[in-house]
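Colleague: Dumping what Swiss-Prot says about this protein:
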type: REGION; residues: 1-49; note: region 'Disordered'
type: COMPBIAS; residues: 8-18; note: compositional bias 'Basic and acidic residues'
type: TRANSMEM; residues: 140-160; note: transmembrane segment
type: TRANSMEM; residues: 165-185; note: transmembrane segment
type: TRANSMEM; residues: 212-232; note: transmembrane segment
type: TRANSMEM; residues: 253-273; note: transmembrane segment
type: TRANSMEM; residues: 278-298; note: transmembrane segment
type: TRANSMEM; residues: 320-340; note: transmembrane segment
type: TRANSMEM; residues: 353-373; note: transmembrane segment
type: TRANSMEM; residues: 397-417; note: transmembrane segment
type: TRANSMEM; residues: 436-456; note: transmembrane segment
type: TRANSMEM; residues: 458-478; note: transmembrane segment
type: TRANSMEM; residues: 494-514; note: transmembrane segment
Amino acid sequence: MKQNETFDQEREDLYHTFDEEDEESQTESSVPSTPLSRNRSEDVPVPWPRSYRQSMDLLTGVTPPTSTSFVSSFRQRRQSSVFGSFTSSPSKQQLLIDKDEIQSSVVSSIKSFLASHLQLSVPGDLLTPQENRSCTFSQSVLNGINVLCGVALLTMPYAVKEGGWLGLFILFSFGIITFYTGILLKRCLENSPGIHTYPDIGQAAFGTTGRILVSILLYVELYASCVEYIIMMSDNLSRMFPNTSLYINGFSLDSTQVFAITTTLIVLPTVWLKDLSLLSYLSAGGVISSILLALCLFWAGSVDGVGFHISGQALDITNIPVAIGIYGFGFGSHSVFPNIYSSMKEPSKFPTVLLISFAFCTLFYIAVAVCGFTMFGDAIQSQFTLNMPPHFTSSKIAVWTAVVTPMTKYALTITPVMLSLEELIPSSSRKMRSKGVSMLFRTILVLSTLVVALTVPFFATVAALIGSFIAMLIALIFPCLCYISIMKGRLTNFQIGICILIVIIGIVSGCCGTYSAIARLIGEMT
């Protein structure tokens, strides 16, 4: 009973810290306001989602938590921001407020009081709220590569089969375009000290509606990624143990279904954990996993004797939209770039971080795509690990790497979704906010990803759908639209023209890819 009360108190602190900050910010009314601050709405509720930045920090590994509890860490971070933060600014105008004047005035008042009444001299840096900028340049590069080079690597050779060799130029072009849109997000972040995350950018550009729309898309992408993890783990395990089956009360389950259920039961306890720091550190090793997978593929082709053979079409017009979706899936990590930027000790080096990360991942994708397709040709499957001969040691290492890696990432990926949904529970309902209800809610959410994975167990097609619909919006369309809106009146015609061109490319690619992916999905299910 005491444990539940403690849990309830932590959750109340987690979701009400923002309300306390709102009250504190209202006490600063004596400070002269800027033109934008005069438009502030005092009665607008705190915008959803409030837990985005902290939960995404865990996912990216940019600032692995050192406290014993994620909730405690989150609460401490929020309470340190006594001058207000982005989450207490629900409207577009509030996010664009220049808080330097307010902060400077309040700090000066505190210093004056301490000096005149208590004869104390306080260093300025102790009174100024500090952002958690702890990542070095090299750590930021690793974080960038880690979030970019994910499970999409496995399906790059399959994309060559679908789109042909010339489709690699599309992959390269997406690398350049998404690098540029990442720079646009950085410029949006620099526009105001109150902007820290992608939802903040959406809010600054289009108000609360923009924040909610961007957040929903980001959470749908995370949820879909968890579905892909289950499909990926079950496919690779069924490749290793193809004769596995299960019969229960007349129901027959093949190896893929058995392992989908098994892996879900394995990852389920990890979503109940309050301390995800260990998983965060393990997930940060995703770069090593990706390199290991590529080395195993090359080893199987060059040393184990699979060989390399040039084949395939130059361009497959019919299936190129599916390839476009897969390529887009490989570059849809813009949701976490603002977190990486906000965590850097030297934010001015963020463009270089993006350049190195995108250059490495683009060339890495191309190398794996060429290597995998020349090894297996038109027989290539949705994941190249499924084509590797199971009796080779390199194949076993690759398969187990493809199984273990998503196990470490599942809880970190689904946690932002769970926290955002738990925010919607009324604060007055203590029963709904109990530990038992929270565990039940999380269990249902995890089981729902299993149901989706069993319904559409097609890794490449689901990847193409995510890349075409969500990644095009997040990585191409929204960065340009938000940039134009936030920087209104300060852009040249050339800059606006480039943004409009990218938006058109994103819309055309997204529509064609989404239609083709849905059509193929229907065909595979029937």
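For all residues, glycine too, the Cβ spot is worked out from N, Cα and C.
Each of these features: where is it, how hidden is it, and who are its neighbours?
Modeller: Counting only same-chain residues 6+ beyond the ends of the transmembrane segment (353-373), those with a CB under 8 A from a CB of the stretch are 137, 140-141, 144-145, 148-149, 152-153, 156-161, 168, 171-172, 175-176, 178-179, 182-183, 186, 290, 293-294, 297-298, 301, 308, 311-312, 330-331, 337, 340, 344, 380, 384, 387.
Sequence-distant contacts of the transmembrane segment (494-514), counting only residues of its own chain at least 6 positions beyond either end whose CB sits under 8 Å from a CB of the stretch, comprise 177, 180-181, 184, 321-322, 324-325, 328, 464-465, 467-469, 472-473, 475-477, 480-481, 483-484.
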Colleague: Same chain only, please: residues at least 6 beyond the ends of the transmembrane segment (320-340) with a C-beta under 8 Å from a C-beta of the stretch. Say none if there are none.
Modeller: 53, 56-57, 59-60, 62, 135, 140, 143-144, 147-148, 150, 152-153, 155-156, 158-160, 162-164, 167, 170-171, 174-175, 178, 181-182, 185-186, 189, 195-198, 200-201, 218, 221-222, 350, 353-354, 358, 361, 365, 460-461, 463-468, 470-472, 474-475, 479, 509-510, 512-517, 520
Colleague: Run the contact check on the transmembrane segment (140-160) against the transmembrane segment (458-478): 3 or more C-beta pairs under 8 Å, excluding pairs closer than 6 in sequence.
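Modeller: The transmembrane segment (458-478) and the transmembrane segment (140-160): touching, yes.
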Colleague: For the transmembrane segment (253-273), what are the same-chain contacts with Cβ under 8 Å, counting residues 6+ beyond its ends?
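Modeller: Apart from its flanks, the transmembrane segment (253-273) reaches 229-231, 233-235, 237-238, 241-247, 279, 403, 407, 410-411, 414-415, 418, 439, 442-443, 445-447, 449-450, 453-454, 457.
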Colleague: Using a Cβ cut-off under 8 Å, which residues of the same chain at least 6 positions beyond either end of the transmembrane segment (397-417) come close to it?
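Modeller: Same-chain contacts beyond the ends: 49, 51-52, 55-56, 58-59, 70, 151, 154, 218-219, 222-223, 225-226, 228-230, 232-233, 236-237, 239-240, 263, 266-267, 270-271, 273, 276, 279-280, 282-283, 285-286, 289, 292-293, 296-297, 300, 383, 385, 388, 390, 442, 445-446, 449.
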Colleague: Cβ under 8 Å to the transmembrane segment (458-478), counting only same-chain residues 6 or more beyond its ends: which ones?
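Modeller: For the transmembrane segment (458-478), the far contacts come to 151-152, 154-155, 158-159, 162, 177-178, 181, 198, 202, 214, 217-218, 220-221, 224-225, 227-228, 231-232, 235, 321-335, 382-383, 502-503, 505-507, 509-510, 512-514, 516-518, 520-521, 524.
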